[in-house]
Amino acid sequence: MAPPPPSADVPLAERLQRLASTLQFAWFSGHALLLLCVFRYAFSWIRFNYYSGMARFCYRFAFIAAAATYGIVVYKTWRARQKTGVKTSGIKDYLRDENIQYLVLALVWLFMPQYPLALLPYGIYSVFHVATYVRANLIPTLVPPQRINAPAGASPNAKPQYTQHPASEAIGVFVKKYYDSSMSMVARLEIMLWLRLILSVILFQRRSWILFAIYTTFLRTRFSQSIHVQNAFALLEARIDNLIGAQGTPPQARQVWDNVKTAARQFYAVTDLNKYESGVAAPKKSS
């Protein structure tokens, strides 16, 4: 059950102090700092000055903030499991946790060469996290909602209703309207980043192979969990099919694309852990 909104009888300074003393406020602060770093880095990037001292600081600190915010969520989840006595079935449960995935990836980006595209998914997530926190926590703290008098004949045990600030309503409309499309955008950005890493491998850029392997593992996990990632890959495949199927396309190009799709499906089948968990064992080699 959600706690009641702050009371207007409590002084504003005390309400803000209570809000700032929570772990959730630290989570919100991390996302807010991440957004500030992304905007500042984008300003440097637009000016082709993304290797300046400030740009490098904002890039690295953005991933520090991302790791901190996702680390807080992972910690709170772990603590909740400890309190309720819920046990995980092994490391696979942790690896399937989306927050752990993004936590690990943030730490990877932190110590790897700059890939500006890597900031955007975290930035988009932070927009919605910050908006949701402002709507649910910050605005009610600054402007406590008024309780709505229950209509005549209402049950005395009915849940009390409160007025909602217009800004909170506007944020709620924004989140509801743009959340799904933004998650689809995140999926497309993550695929674009994967293609960028493939180019890095082809060009033999520093640490590209290990980064490509880690990110491919991440994206494979996201594919099995996110309908948005699945739809983004399906859209990419359809567009390339349409391009390759055009009249005048060399047969060699079509053959290469068919081989790529076959290899991708084989990779998906080999890395599908669900079939091993359901009792379908991997084939054994004959001695």
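Each Cβ is built from the backbone N, Cα and C atoms, and glycine gets one as well.
Features reported for this protein in Swiss-Prot:
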TOPO_DOM  1-18  topological domain 'Cytoplasmic'
TRANSMEM  19-39  transmembrane segment
TOPO_DOM  40-53  topological domain 'Perinuclear space'
TRANSMEM  54-74  transmembrane segment
TOPO_DOM  75-103  topological domain 'Cytoplasmic'
TRANSMEM  104-124  transmembrane segment
TOPO_DOM  125-183  topological domain 'Perinuclear space'
TRANSMEM  184-204  transmembrane segment
TOPO_DOM  205-287  topological domain 'Cytoplasmic'
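According to DSSP, the secondary structure content of the topological domain 'Perinuclear space' (40-53) in residues is 8 helix, 0 strand, 6 coil. Sequence-distant contacts of the topological domain 'Cytoplasmic' (75-103), counting only residues of its own chain at least 6 positions beyond either end whose CB sits under 8 Å from a CB of the stretch, comprise 23, 66-67, 122, 125, 218, 221-222, 225, 273, 277. Long-range contacts of the topological domain 'Perinuclear space' (40-53) within the same chain, counting only residues at least 6 positions beyond its ends with a Cβ under 8 Å from a Cβ of the stretch, are 59, 62, 114, 116, 119. Counting residues per DSSP class in helix, strand and coil order gives 21 helix, 0 strand, 8 coil for the topological domain 'Cytoplasmic' (75-103).
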